[in-house]
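Features as listed in Swiss-Prot:
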- Q52, Y53, R54, E55, K56, N83, T122, K151: 4-amino-2-methyl-5-(diphosphooxymethyl)pyrimidine binding site (BINDING)
- D84, D103: Mg(2+) binding site (BINDING)
Amino acid sequence: MNQKNSNPKNPPRKISLLKQIDFYLVTDSGLSKKGTLSDVREAVDAGCKIVQYREKNKSTKEMIDEASEIKRICGDRAIFLVNDRIDVALAVDADGVHIGQDDMPIEIAKKLLGPEKIIGLTVHNVEEALEAERNGADYVGLGSIFDTSTKKDAGKGIGPASIKEVKNAIKIPVVAIGGINRENCIPVVENGADSFVAISAVVCSDDVKRETRKFIEIIREIKNSGRQ
């Protein structure tokens, strides 16, 4: 049985939000000017519907404390995912996790978290995207679309045309990641991305709310104009 059938068991509100996502916030305390909690608050206030807590420099206790506050900020307004750390996601009852190709297999993550939780998987090509969908991923993060310095092991950018190839191959949402900013985000959406991540462009700015809102406006304008 295709594990995608487990998707309808997810909370209706969260699955509804997953289908409506536009800009996708990934936190980075190392790059942030104002701090992770401030970034999340401003992005969600601007209309961001999905937040991934990505933290590599804090203790487990510190992460749980911070994740608990992020969950409170997101509330009913945004999906709250934890990057990699299933233990932290379980501790705070996050809406799900985002994992990579070398992390825990989706099937095991589903067993630990339960079928109602959302799982996103990083993929780099059509083959990995198809496998992710077969194994029950709720969405894929495709990249790196452009060269990026945010993630050291991201490799060379695969280009926005790769988004269309993956989008045509699977039915679950495709989130574009890697090196995306306001100068290059338009072809990302035009090639079919449901959403995209722009870490540096947002958390390094002086006004996270303004930058988030601008990205949301760009995405919605392209989608509403039929340019996808």
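Positions of Cβ are set from backbone N, Cα and C atoms, glycine also.
Here the features listed in Swiss-Prot are painted onto the structure.
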residue	record	Cβ neighbours (10 Å)
Q52	4-amino-2-methyl-5-(diphosphooxymethyl)pyrimidine binding site	24
Y53	4-amino-2-methyl-5-(diphosphooxymethyl)pyrimidine binding site	28
R54	4-amino-2-methyl-5-(diphosphooxymethyl)pyrimidine binding site	22
E55	4-amino-2-methyl-5-(diphosphooxymethyl)pyrimidine binding site	20
K56	4-amino-2-methyl-5-(diphosphooxymethyl)pyrimidine binding site	11
N83	4-amino-2-methyl-5-(diphosphooxymethyl)pyrimidine binding site	20
D84	Mg(2+) binding site	19
D103	Mg(2+) binding site	17
T122	4-amino-2-methyl-5-(diphosphooxymethyl)pyrimidine binding site	24
C-alpha of K56 (4-amino-2-methyl-5-(diphosphooxymethyl)pyrimidine binding site) to C-alpha of D103 (Mg(2+) binding site): distance in Å?
15
T122 (4-amino-2-methyl-5-(diphosphooxymethyl)pyrimidine binding site) falls, by three-state DSSP, under strand
In DSSP terms, helix, strand or coil for D84 (Mg(2+) binding site)?
coil
R54 (4-amino-2-methyl-5-(diphosphooxymethyl)pyrimidine binding site), DSSP three-state class -> coil
